[in-house]
Amino acid sequence: MAFLPNSDIICKNNSVTEFILLGLTQDPMKKKMVFVIFLIFYLGTVVGNLLIMVTIKSSRALGSPMYFFLFYLSLADSCLSTSTAPRLIVDSLSATKTISYNECMTQVFALHFFGTMEVFVLILMAIDRYVAICKPLHYPTIMRRQVCIILIVIAWLGAFIHSITEIILALRLPFCGPNLIDHYCCDLQPLLKLACMDTYLINLEWVGAICSTSFVILMISYIVILHSLRNHSAEGRKRALSTCTSHITVVILFFGPCIFIYTRPPTTFPMDKMVTIFYTIGTPFLNPLIYTLRNAEVKNAMRKLWRIKITSESKR
């Protein structure tokens, strides 16, 4: 653990009670464009992920562990986007973009909690595919509902422990004057830049390690899965490849930006804001499209749910 100063010293030196978010742009016309674009993205994210969650809960055909984990991935996506997008949308029309110290710390906690939850759910989905493809005879026993529930609970607890660790680290950072955050949200990276202490190693210890390690584990697991498909029938390979391709796409889209942001010392680059937008707003928006457009079972379940709703409405 990197050295952090004594808490009494921090309290005396911490004179900042609020931060000012500079946002994505200062141009009035571009601010209006930001409002419209990200409002559409956010509404699309919430509606798309909510539709997946309702479909999974309503359809008996989607009762397998894969869809059980997909439900929680959609929940994590919605919450991750909600932790940053509403503030970005509102601030795009605000003259002042101040955020209190407590609100900033809350946003740091939410961003890391739901981001880490998504990491763990993606790992659980990879485990599910590994068991289904490499251990098909033992799949019903290994991935029974009770086991899946326990795994999700562990994922929630892991995300909570990680987020508590990050928020404790953030709360102990001393801020002695500058309070301009060149970002659209509060995150550990821009806060480290403002802290009046040496923060070179802090950011590399937790978030970067989790992102990098999880990405390597996921890639190795999918390589093993794809290698094992040689022993399957042509139809089995086609179906497994379709599912794994969706998972691998989501993993790359989510972990690529995370590794770029969190596995380096607390320095900033002009592209940081857009990279953060990609994994906090862009990926949650794309995930429902990726998992529905390439998944016939989900599409069929959605059509059936839609037909049932239309039939029930017509009977009224």
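Every residue gets a Cβ built from N, Cα and C, even glycine.
Caution: TrEMBL annotation is automatic and unverified by curators.
Features reported for this protein in TrEMBL:
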{"type": "TRANSMEM", "residues": "33-54", "note": "transmembrane segment"}
{"type": "DOMAIN", "residues": "48-291", "note": "domain 'G-protein coupled receptors family 1 profile'"}
{"type": "TRANSMEM", "residues": "66-89", "note": "transmembrane segment"}
{"type": "TRANSMEM", "residues": "109-127", "note": "transmembrane segment"}
{"type": "TRANSMEM", "residues": "147-171", "note": "transmembrane segment"}
{"type": "TRANSMEM", "residues": "206-229", "note": "transmembrane segment"}
{"type": "TRANSMEM", "residues": "241-262", "note": "transmembrane segment"}
{"type": "TRANSMEM", "residues": "274-293", "note": "transmembrane segment"}
Dominant neighbour of the transmembrane segment (147-171) in 33-54, 66-89, 241-262, by Cβ pairs under 8 Å: 66-89
Long-range neighbours of the transmembrane segment (274-293), counting only residues six or more past its ends (CB under 8 A): 24, 38, 41-42, 44-45, 48-49, 51-52, 70, 73-74, 77-78, 80-81, 83-85, 88, 111, 115, 183-185, 187, 246, 249-250, 253-254, 256-258, 260-261, 299, 302
